[in-house]
Ligand SMILES: Nc1ncnc2c1ncn2[C@@H]1O[C@H](COP(=O)(O)OP(=O)(O)OP(=O)(O)O)[C@@H](O)[C@H]1O
Ligand SMILES: [Mg+2]
C-alpha cells in the first residue's frame, strides 16, 4: 500500500524514509518501504514478527545498508553516513535485545551516551587532566539528572548487568537521552514488562517527549501501549508497508487484522 | 570494572608498600632483579591497556620493548645523550612503531591479530642482526650507565631501583589518566561490544590505534629502562619468547589490574629461576605446571585472588568507619567481561 508524503501543514518530516529496499543474501527484508515521521510525534511501528521493523531501524542508524531508496533526516540524506555519525545527527536508539554494557555501572552506560558530544580526546586525557575532569563532571552532572528523571538514581553506581530486565531497558532510554537526540528510536522498549509496568512506561515515554523535546518512533508488540500512546501508527508486513493512520483506524483495518491473525505469534 | 577504582584497590596499596620496603628487605643483587621486573612491569602495563581494556591482543610487546631499549642505546651511543634523557624518546619512537603494528588490528581481531603481531616479534631479532650498522649486530650495544650521584647515600643498585620506581610511578600515573573518564569508558565499550560502541559515536579506528600507541609507549619506556639497568643489550634479550613472557606476566598478574602488572612481572622474572633451582633438569616442567596451576586457582590473575578481595573487604570496613574516602561504587567484578 502506497504511503503518501505528509502535506506541509502537518509539520515537516523529521525523518523520511522513501522506497527503501534491504536484501540479506536471498532474503528481501524490506521492499520499497516508506515512512514519514513528523516533528514531535510519537509514531508507532507495528507488524508481525519478521516484518522488517528492526531492519528499518538498523538502516536509519546505518547498522544495515539499504540496497535502494533514500533516508533523510531534516531533509539531509543519511543513508551513506558512517554509523558513528548518526548519533551526532541527533538520532539515538535502543536495541531490541539490549545494547547495554553489563560490566559497567548504570552511570557509566548513560555517560557513554554523551560520548559523542565531547569524548574521545586521548591527548587531553593525558595532558590536560583538569579540563578533562571538568568536562567529565559536567557530563556526569547532566547524566545524573537524567537518571533522576527516569527514577534510576538509586542504581547509578550498580553494574548494569545485575539489574532486572525492565530497569536495563529504562537505562538504555536514559543513555539515548544523554546523547541529546532529536529523534528517539525505541525497539520494543516494553518487552518483558508486567501489565502495571507497561502503563507506567507509557507515561514515561510521553513525559520524555515533552521534557526532552524529542520525536519518537516506537516499535512495540504491546497493542494497548501502542493504541494509547501513539499519535500515528505505521504497519509493516513481510517487509512492506501495509497500513498507516491513527491508532483506531489502523486497529479497525481488515488488512491489519488479517496480517496479525494469519501469523500465529 | 571501573578504571579508577582499580587504581585505589587493595592490591595496588600492597604492591606499592612492598616496592617501597624492598630496599630494606632485599640484598642489592635482588634489588637489581626487582628493577628488571619493574621494567617488564611497565611493558605489561601497556599490555593491560591494550588487551585488558581495549580487547586487542599484541604478541609483539617484547619486540616493542626491544625497540625502546635500542632507542635508548642508539641515542646514547651515537648522540651521547644521557640515558635517562633518552627515556621519553624511547617511549615516543616505540609508540609510533606500535601504531604501525596496530594498523592491521583495524581489520583483524583475535587470533589473526595474535599471529600478525607474533610475526613481528619473530622477525625482530633477525632485523636487529641485519641492521648491524646501527644496532651493533650480534655483539649488541653497551651504554654509559647513569651512576649514582655523590650525594646519594645508597648503592648503585638502589639508585637504579629508585629510577625504576619513578618510571613505574609515572607510567601508572599517566595510564590511570587514560583509563578514567571518557577515554577509559570508550576503550571498554569497544572491547565489550564494538557495534554498540560505534552506534554511540565511538570512533573505533581512533580508539584502537590510541590503545596501540599508549601500550607501545609503555613497552618502549620499559625497554629503555631495561637497557639502562643492564648497561648492555643484544638481540638475545628480545627473542620472540619475550613477547609470550610478557603476555604470561599480564595474564598471571591480572590483565585489568595495574598492581597485577607488576605482580606478573615479578612472576616471570623470578619463578623460572626458582623452578630451575628446585630441580635443574625439570625446571621447565615445574614452571609449566606452575602456570597451569596458576590458571586453575586464579583465573582473574593473582591480583584477583581472594587475598585481594579480603583486603578489599578490610578496606570497606575502614571506609565505613570513615577512615578513608568512600569510592561509592560497590559492585565489584561482575563476571563475564
Ligand atoms: N543481519 C541479517 N541477516 C540476515 N537476515 C536478516 C538480518 N537481519 C534481519 N534479517 C531478516 O530480515 C527479516 C526482518 O527481520 P526484522 O528483525 O527486521 O523483523 P522485526 O519486524 O523486527 O521482527 P520482530 O518483531 O521479531 O523483532 C527477517 O526475516 C530476518 O530473518
Ligand atoms: Mg525486531
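Positions of Cβ are set from backbone N, Cα and C atoms, glycine also.
Note: TrEMBL annotation is automatic and uncurated.
For reference, TrEMBL has these:
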- B:31-51: transmembrane segment (TRANSMEM)
- B:58-79: transmembrane segment (TRANSMEM)
- B:85-106: transmembrane segment (TRANSMEM)
- B:158-179: transmembrane segment (TRANSMEM)
- B:209-232: transmembrane segment (TRANSMEM)
- B:244-271: transmembrane segment (TRANSMEM)
- B:277-298: transmembrane segment (TRANSMEM)
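When Cβ-Cβ distances under 8 Å to the transmembrane segment (B:31-51) are tallied for each of B:85-106, B:158-179, B:209-232, B:244-271, B:277-298, the top count falls to B:244-271. Sequence-distant residue pairs (6 or more apart) of the transmembrane segment (B:85-106) and the transmembrane segment (B:209-232) include at least 3 whose Cβ atoms are under 8 Å, placing the two stretches in contact. Below 8 angstroms of C-beta separation, residues 248, 251-252, 254, 271, 304-305 of the same chain, each at least six residues beyond the ends of the transmembrane segment (B:277-298), sit close to that stretch. Residues 40, 43-44, 46-47, 50-51, 86-87, 89-91, 93-94, 97-98, 101-102, 113-115, 117-118, 120-121, 124, 128, 134-135, 141-144, 212, 215-216, 219-224, 226-228, 233, 235, 237-247 of the same chain, all 6+ positions outside the transmembrane segment (B:58-79), place their C-beta atoms under 8 angstroms from a C-beta of that stretch. Among residues of the same chain six or more beyond the transmembrane segment (B:158-179), those with a C-beta under 8 A of the stretch's C-beta atoms are 3-4, 6-7, 19-20, 22-23, 28, 31-32, 34-35, 38-39, 41-42, 45, 48-49, 53, 84, 87, 146-148, 152, 187, 214, 218, 221-222, 225, 228-229, 258, 262.
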